[in-house]
């Protein structure tokens, strides 16, 4: 009864040192521009008639998710770096949290669908067209979106049903679950256990499925007699697994210890990698190393 419920929040940003604000602004602005340019190129290239395959369909959706994730977080962060007004309304914070969780969860499920696509392509090549049909691709996409929607609605509702009291300052650069839990004036131990369970369900379970898919893929690759074909297949696997591991490591470290205040600055760096850096790397790792994509890109340019 002695607490005043919050109607708006103040984001502390990436750094409180004034001399770093302009450097951070130009660096993040450059990275964000590369994210938009790289992923938009992938969306443009993968609609080419020669690339109408399930793999490129999933890559196009992944690029759209990466653009959306960066666009939910980065513009507000850039404004905060140049302005003294770092406030965000209660509704704006709810919307931002919902979008971040929805996009992250959907992307995880999509990464698992992409691993399944590669598994069928390598292990069942003769039945690939029948198993991974356009209808199956749309079904996997809809399941990924529905899974992301359920997770996002539940997590956002649970966080904002907690009594969030002062101080209204969020020690973060966007509205996320761990910094919001710090503002709660009620016992959050039950919610923290639920969040850990959700993290296992959304991150670690798809990660294990991806590892299982690639274990089967590698087993099939080792049976290939051509050294060149083996090297190409291993290169594809290593690229995908690199990004998946980065996502898994950063996401797990952020959400498995939600109220760990001692590592808040480290969590900011992990969140920056998760929401800004990895979306920039995805076009390079997944697509621009691909010979077919590069050939179409040259034609388009």
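We count from 1, first residue shown onward.
Quick reminder: no glycine exception, Cβ is built from N, Cα and C everywhere.
It should be emphasised that the depicted structure is a prediction, and the values quoted were computed from it without experimental measurement.
Non-local neighbours of the transmembrane segment (20-45) in the same chain are 14, 51, 59-60, 63-64, 66-67, 70, 74, 77-78, 81-82, 276-277, 279-280, 282-284, 286-288, 293, 296-297, 300; each lies 6+ residues outside the stretch with a CB under 8 Å from one of its CB atoms. Annotation comment: TrEMBL describes 20-45 (among others) as transmembrane segment.
The domain 'G-protein coupled receptors family 1 profile' annotation in TrEMBL covers 38-286.
Among the features that TrEMBL reports, transmembrane segment is placed at 57-75 (among others).
Look at TrEMBL and you will find 95-116 (among others) tagged as transmembrane segment.
Under the heading transmembrane segment, TrEMBL lists 137-160 (among others).
Among the features that TrEMBL reports, transmembrane segment is placed at 196-222 (among others). Here the transmembrane segment (196-222) has Cβ contacts under 8 Å with residues 104-105, 108-109, 111-112, 115-116, 118-119, 122-123, 147, 151, 154-155, 230, 233-234, 237, 240-241, 244, 247-248, 251-252, 255-256, 258 of the same chain, all six or more residues outside its ends.
Residues or ranges marked as transmembrane segment in TrEMBL: 234-257 (among others).
Per TrEMBL, transmembrane segment is recorded for 269-288 (among others). Residues 14, 28, 31-32, 34-35, 38-39, 41-42, 45-46, 59, 62-63, 66-67, 69-70, 72-74, 100, 104, 172-174, 176, 239-240, 242-243, 246-247, 250-251, 253-254, 294, 297 of the same chain sit 6 or more residues outside the transmembrane segment (269-288) yet have a Cβ under 8 Å from a Cβ within it.
Counting same-chain residues at least six beyond the ends of the transmembrane segment (95-116), those with a Cβ under 8 angstroms from any Cβ of the stretch are 55, 58-59, 61-62, 65-66, 68-69, 72-73, 76, 88, 140-141, 143-145, 147-149, 151-153, 155-156, 159-160, 174-177, 180, 202-203, 206, 209-210, 213-214, 240, 243-244, 247, 251, 274-275. Within its own chain, the transmembrane segment (57-75) is flanked in space by residues 28, 32, 35-36, 38-40, 42-43, 46-47, 96, 99-100, 103-104, 106-107, 110-111, 113-114, 117, 137, 141, 173-174, 275-276, 278-280, 282-283, 286-287, which lie at least six positions past its ends and keep a Cβ under 8 Å from the stretch.
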